[in-house]
Amino acid sequence: MGFILYKIMCDPYIFSDYVMKRGTMYKLLKTEGRAKRGEFQTVHGTIQTPVFMNVATVAAIKGAVSTEDLEGIKNQVVLCNTYHLHLRPGDDNVYRMGGLHKFMSCNKPILTDSGGFQVFSLAKTRRIKEEGVYFHSHIDGHKLFMGPEESMRIQSHLGSTIAMAFDECPSARADHEYVQMSVDRTTRWLERCKKEMDRLNSLPDTVNPHQMLFGINQGAIFDDIRIEHAKCIREMDLDGYAVGGLAVGETHEEMYHVLEQVVPYLPQDKPTYLMGVGTPANILEGVERGIDFFDCVYPSRNGRHGHVYTKKGKLNLLNARFELDSHPIEEGCQCPACKRYSRGYIRHLLKAGEMLGMRLCVLHNLYFYNNMMEEIRDALDNGNFAAYKKKTLDGFREYEELSTAPGSDIAKNWRKG
């Protein structure tokens, strides 16, 4: 019996079969209001939720962060992008290398975005048809086509843990008629994605025969379209559900309103993913409204520009006031940067254009986000998430008020920096 259990745990695909036969992948452990504390079993490991996914668009986190680094910053899930990896190095090449996990030497769950958002946001010219989207590469301009089946095949080649359905993300400025037409097409595309994913997972030479599929709710800021779409896709019995098409021009209040309207119509016994969001405050508000998964480029993008997150707000280490600052970015932080280096030294590296400066800031920011998610999970476990959220947001606001007050030393120094 012991040998059998050893084999089950050592072979991820045998383990997946074992888990799938025993029941659902998502286990809801606790709730506080609409906030959920859960765990999600995958072929590449169990994800504790709520979780923030660290963005590695082209199979690498910008800022010279390696998969080995992720072990020390509490990372659980990596997000890679189908569109970019299809163009470079090519999903066929990744397939020949054994899939993304082997290609980038990652032993964590990986989610791949479908490429839909990039097709609509990066492509200068595109034609949307029922079969899919015709567009030109943003790199060299050559003609490309991607539809539901193509997106699923690319993601199957990549062998990610979780694949996202191919969808259209309508503009926040689109009118009701266009959004309804777009969402209806996205629903038809989702049906095709599911059918193709089932086929691909049954092939003998597939990289990951237990690749999961998440559907995406769309509808811009129209409550009626969003709710009807949620009701429709929840009947498809997918592995998880995302709320997409937010953080694309609407206000934070509009985004929170959409979540309040839509999330109750998505399955409680499946993970819910808010795509592309966001700031620490956005995440706290999202958790309160029932979100399990988050992703955003903010931690790495801001870090590369010397902006770092702390419990008292965001700091710009390029400001002159940090030139002789011997303190770590944040006292008590256990990230690789804070355990060893001072703000003054990191500022010097940034001013000198040294890659190490950006790397340390990115590592700190990713640790900050991942650690905040751990604190959120602990708060939900202990039944005090509401108090944790208030305390955390109050800390951010207090620093913002202090730093922007007329005549304050912080405000003066920020202007000097």
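Heads up, the Cβ atoms here are built off N, Cα and C, so glycines get one too.
Those TrEMBL annotations? Automatic predictions, nothing curated.
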The Zn(2+) site in TrEMBL lists C333, C335, C338. Which one of H305, H307, H364 belongs there according to the record?
H364
Given TrEMBL annotates D113, S114, G115, G116, F117, D167, Q218 as substrate-binding, which of G90, G141, G240, G245 belongs to that site as well?
G245
Correct range for region 'RNA binding' (source TrEMBL, candidates 206-212, 276-282, 388-394):
276-282
What else in the chain is close to the region 'RNA binding' (276-282), if you only count residues 6 or more beyond its ends and a Cβ gap under 8 Å?
117, 244, 246-248, 252, 255, 294-296, 298, 309, 368-369, 372, 392-393, 396
Residue from D295, C333, C335, C338, H364 whose C-alpha is spatially nearest that of G116 (substrate binding site), among the recorded positions:
D295
Helix, strand or coil by DSSP: which one applies to D295 (active site, nucleophile)?
strand
Other residues with Cβ within 8 Å of the Cβ centroid of C333, C335, C338, H364 at the Zn(2+) site?
P328, I329, E330, Q334, P336, A337, K339, L363, Y367, F368
Under the DSSP assignment, what numbers of helix, strand and coil residues are found in the region 'RNA binding' (276-282)?
3 helix, 0 strand, 4 coil
